[in-house]
Amino acid sequence: MLAPSWEEHATCLANAEEQDMQRVLIDISEKEAVNLQQDAFVVIGRDTRPSSEKLSQSVIDGVTVLGGQFHDYGLLTTPQLHYMVYCRNTGGRYGKATVEGYYQKLSKAFVELTKQASCSGDEYRSLKVDCANGIGALKLREMEHYFSQGLSVQLFNDGSKGKLNHLCGADFVKSHQKPPQGMEIKSNERCCSFDGDADRIVYYYHDADGHFHLIDGDKIATLISSFLKELLVEIGESLNIGVVQTAYANGSSTRYLEEVMKVPVYCTKTGVKHLHHKAQEFDIGVYFEANGHGTALFSTAVEMKIKQSAEQLEDKKRKAAKMLENIIDLFNQAAGDAISDMLVIEAILALKGLTVQQWDALYTDLPNRQLKVQVADRRVISTTNAERQAVTPPGLQEAINDLVKKYKLSRAFVRPSGTEDVVRVYAEADSQVRKCRSPCT
């Protein structure tokens, strides 16, 4: 993941005219004290969009002209590309930097975990997967025979027809609160959707009355962090575990984690880069945005300690340590990964004997609304406290506070968009008793 300090360099490079390219590159290398004598190695991957092959070739041409080395993996999901870079940057300690290595590492961990599951909950593990007509379909189909003894997957919107993310995919399902096109859902049947490049995932189902239920990133983080906490208690390890959320996380999820599971929760600014870096501060850091993008990170010291525990402890403690060791291997710690997260979720549900309805019932989301308001200049509004409080214009935060006081379990915030002249508004409370005519009244 690109360090925040390099974002300015990337912007300068993207905006540079062709004749200025060499000068900009030299400026960056001087500012960052880059050793130009050191061999450069670039890892390249692409997705199934028609433009990808040409763009990939342009990268190869650029690296070659500058005397660098490269490895072209061809078709990869975005998280798989992150995985390859992480494997190479750790000298293979994290895993084998091949597609086969990715499949084998994750599948081996998943199969080992599901072997330990009892026959409660959903006895026949099957899952319907909407792949958003993206690269995720191709890679999941390649991988499914590796883990088929633990899970049967049925793929929809696999790219054979239909457009990328059109009437399907994680964002469509979450935004429209309904299943993707082309997927028929039976009552209480477990389903999930990837986004186009397979770094986001949401789950959903229809209840017996035909009502649609969405299980987003908040509930995914809750399931994962609760399970990790339970394993640590079983092993007898007191590690520094934290869940990282944004201001958009539903208040019920935060309260459940803090008050029921006794897991500390931290809030950062919106954007995966902020959550990922915050999660690195803990022995075990779990982060998910509500849109379903997230993963769990484990410090090197924790990984070594758990591996040692799995070899030295006895009986129940050893079994719990072995589970945790496999869960660590099942996560893609390089980035949020829909395939990895799907397998983690399926393993936890099997091990805990939970149905999708029981998972959904862990807590009830507070009613909430999100909308955006067109403004002449978004820069008029500035925020602090992980974007949860307005600093300017004067009086705005006081007005929000006065409104929030009127309703139980309520909170609200406004924040400027990072890309367009709109202000994003979020509000939640214990009941949705009246709709505002305007978010600004």
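Every residue, even glycine, has its Cβ placed from backbone N, Cα and C.
Whatever TrEMBL says is automated annotation, not expert-curated.
According to TrEMBL, the features are:
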BINDING   Asp195, Asp197, Asp199  Mg(2+) binding site
BINDING   Glu289, Ala290, Asn291, Arg415, Pro416, Ser417, Gly418, Thr419, Arg424  substrate binding site
COILED    306-333  coiled coil
DOMAIN    37-86  domain 'Alpha-D-phosphohexomutase alpha/beta/alpha'
DOMAIN    97-202  domain 'Phosphoacetylglucosamine mutase AMG1'
DOMAIN    216-353  domain 'Phosphoacetylglucosamine mutase AMG1'
DOMAIN    395-434  domain 'Alpha-D-phosphohexomutase C-terminal'
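Note on the domain 'Phosphoacetylglucosamine mutase AMG1' (97-202): DSSP counts are 37 helix, 17 strand, 52 coil. Looking at Asp195 (Mg(2+) binding site) and Asn291 (substrate binding site), their Cα atoms lie 10 Å from each other. Distant neighbours of the domain 'Alpha-D-phosphohexomutase C-terminal' (395-434): 247-248, 250-251, 270-271, 366-383, 387-389; these residues of the same chain sit at least 6 beyond its ends, with a Cβ under 8 Å from one of its Cβ atoms.
Long-range Cβ contacts of the coiled coil (306-333) within its own chain (Cβ-Cβ under 8 Å, at least 6 residues beyond either end) map to 79, 82-83, 86, 94, 105-106, 108-110, 112-113, 116, 227-228, 231-232, 234-237, 295-298, 339-340, 343-344, 347, 351.
Shown in sequence order, Thr77, Thr78, Pro79, Ala132, Gly134, Gly136, Ala170, Phe194, Gly196, Ala198, Arg200, His293, Ala338 are the same-chain residues outside Asp195, Asp197, Asp199 whose Cβ sits within 8 Å of the Cβ centre of the Mg(2+) site. Around the Cβ of Pro416 (substrate binding site), a 10 Å sphere holds 20 further Cβ atoms from the protein chains shown. For Asp197 (Mg(2+) binding site), the number of other Cβ atoms no farther than 10 Å from its own Cβ, over all displayed protein chains, is 22.
Straight-line distance linking the Cα atoms of Glu289 (substrate binding site) and Asp199 (Mg(2+) binding site), rounded to a whole number, equals 12 Å.
Counting in whole angstrom, Asn291 (substrate binding site) lies 10 from Asp199 (Mg(2+) binding site) by their C-alpha atoms. Other C-beta atoms found within 10 angstroms of the C-beta of Glu289 (substrate binding site) number 23, with every protein chain shown included. In the domain 'Alpha-D-phosphohexomutase alpha/beta/alpha' (37-86), the DSSP tally of helix, strand and coil residues is 25 helix, 13 strand, 12 coil. Cβ neighbour count for Asp199 (Mg(2+) binding site) (all protein chains, 10 Å cutoff from its Cβ): 27.
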